[in-house]
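> To start, I am sharing the structure in question, which I have written as structure tokens.
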Amino acid sequence: MTSVLFMVGVLLGAFGSTHCSIQIVFPSETKLVWKPVLKGTRYCPQSAELNLEPDLKTMAFDSKVPIGITPSNSDGYLCHAAKWVTTCDFRWYGPKYITHSVHSLRPTVSDCKAAVEAYNAGTLMYPGFPPESCGYASITDSEFYVMLVTPHPVGVDDYRGHWVDPLFPTSECNSNFCETVHNATMWIPKDLKTHDVCSQDFQTIRVSVMYPQTKPTKGADLTLKSKFHAHMKGDRVCKMKFCNKNGLRLGNGEWIEVGDEVMLDNSKLLSLFPDCLVGSVVKSTLLSEGVQTALWETDRLLDYSLCQNTWEKIDRKEPLSAVDLSYLAPRSPGKGMAYIVANGSLMSAPARYIRVWIDSPILKEIKGKKESASGIDTVLWEQWLPFNGMELGPNGLIKTKSGYKFPLYLLGMGIVDQDLQELSSVNPVDHPHVPIAQAFVSEGEEVFFGDTGVSKNPIELISGWFSDWKETAAALGFAAISVILIIGLMRLLPLLCRRRKQKKVIYKDVELNSFDPRQAFHR
């Protein structure tokens, strides 16, 4: 036990005194929004399997493979193209109908590049719908061609140099202009640098050829492997030139150089394989730091099984250590989940993982270089929760009195101390809203947006009166009767007034009638 502690102390001292960078993947944010992990949740990053053939003879030779170029990060943009149309239907009888519509268009490479440049410069404008242009007795369209740019990071397949995202039709893309499942949307990486395929570096590796005890007569009897090629069956291998060099194209599309001097039991190795089909392409063997990290993890840890074992512990309500939590973390840049323990409950949060270079698995300050090994040290994490007398960060990262420790990478280097073995009870949460969340919204629900932008049509307003003929007939009958009654009253009132007046009676006087005023005057 004393010797073990002594060796651990020596290794810790070595890490403290050296400054070689270790590449890891870590969340790009310093804080995350955590939510409880519900019971039954189980997600693990997958890893490749190694199938080794026993009882085979082995021959080894030195070969060169193209290293390729690993994408520096997973940042990129979604480029949307659309035609925004304002339509004015100006009827001959006066009203104007204004409608708006959006029509999808396939963006071009030049349009997307120009839109991204404008977006980064802060000059990309979203004008919206154009103002209407109305011509009498005609239908007129006003159009704007709109380019929208949305930041969208994707995953990186280090082994093949592909972009990986569910938006891609085949879930992967290896060009600088990637189609998506939406015809009007394309994805382009942030870094648009181009490289000559033959200008890349070729690195020497040791390739082993395994074959039966009897003399092989064809390539299908062989199996090739190296520390970067786990198990390559010969029946899927063919010979072809790459950058004017002889070699073999493996079943996974990668290429290794094989010279004419490489012999296998007095036969040239190349002669055992058929020629590749015309037009065959090759993939680079990416010996970048990202791949070395992935291989280093795969060699020392069975990622998938260890992750599943952690979930089994959670289901059995067994205590977990910081190392157990580290097995749940993603291994490559892109989208992923981060995990932490809060008050005895397992919490998770969606995160964007990026490449980070740290000086050692044990740091005095939680700082590292993002996106480049030659970058500037920045703070990696600021959100800590209590954990058995220590403080816990994402995916098992722990803060102790002796420094900040990354359990996964300490374990990969053979450094195990008491802090990594501290256990804590962790349980998933049965969220009370789960039954409610499973309800579906009624399909009969309608949303009314109104008739804004449409002038009233007098003809349609009048025709609307006749939508119900019974009510209309009753209304017209009532109106006619009302008019007749009014006219009748107007004619009847004068007659009534005349009857009420008294007639003047004229009386005749005999004496006065016989009186002649002229005779009286002459007298």
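Including glycine, each Cβ sits where the backbone N, Cα and C put it.
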> Between Cys198, Cys276, work out which one Swiss-Prot annotates as bonded to Cys238 by a disulfide.
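Between Cys238 and the options Cys198, Cys276, Swiss-Prot records the bond with Cys276.
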> Of Cys79, Cys173, Cys178, which cysteine does Swiss-Prot list as the disulfide partner of Cys112?
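As annotated by Swiss-Prot, the paired cysteine is Cys79.
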> Can you tell which of Cys44, Cys88 Swiss-Prot lists as bonded to Cys307 through a disulfide?
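Swiss-Prot says the disulfide from Cys307 goes to Cys44.
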> Over the region 'Trimerization' (391-413), work out the mean pLDDT and round it to an integer.
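Mean pLDDT across the region 'Trimerization' (391-413) comes out at 84.
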> Of all the disulfide-bonded residues given, Cys178, Cys198, Cys238, Cys243, Cys276, which has the fewest Cβ neighbours within 10 Å once its own Cβ is left out?
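Comparing Cβ neighbours within 10 Å for the disulfide-bonded residues Cys178, Cys198, Cys238, Cys243, Cys276, Cys198 has the fewest.
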> Tell me which of the disulfide-bonded residues Cys88, Cys134, Cys238, Cys276 ends up closest to Cys307 (disulfide bond) in space, Cα to Cα.
Cys238
> Return one of helix, strand or coil for Cys243 (disulfide bond), based on DSSP.
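DSSP call for Cys243 (disulfide bond): coil, neither helix nor strand.
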> If you count Cβ atoms within 10 Å of each one, which of the disulfide-bonded residues Cys44, Cys79, Cys88, Cys134, Cys307 comes out on top?
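Output for this query is Cys79.
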> Which of these recorded positions is closest to Cys79 (disulfide bond) if you go by CA atoms: Cys134, Asn183, Cys198, Cys238?
Asn183
> Sorry to bug you, but what's the C-alpha spacing from Cys243 (disulfide bond) to Cys276 (disulfide bond), rounded to the closest Å?
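Distance between the two Cα atoms comes out at 15 Å.
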> Of the recorded positions listed here (Cys112, Cys173, Cys198, Asn343), which is spatially closest to Cys88 (disulfide bond) when Cα positions are compared?
Cys112
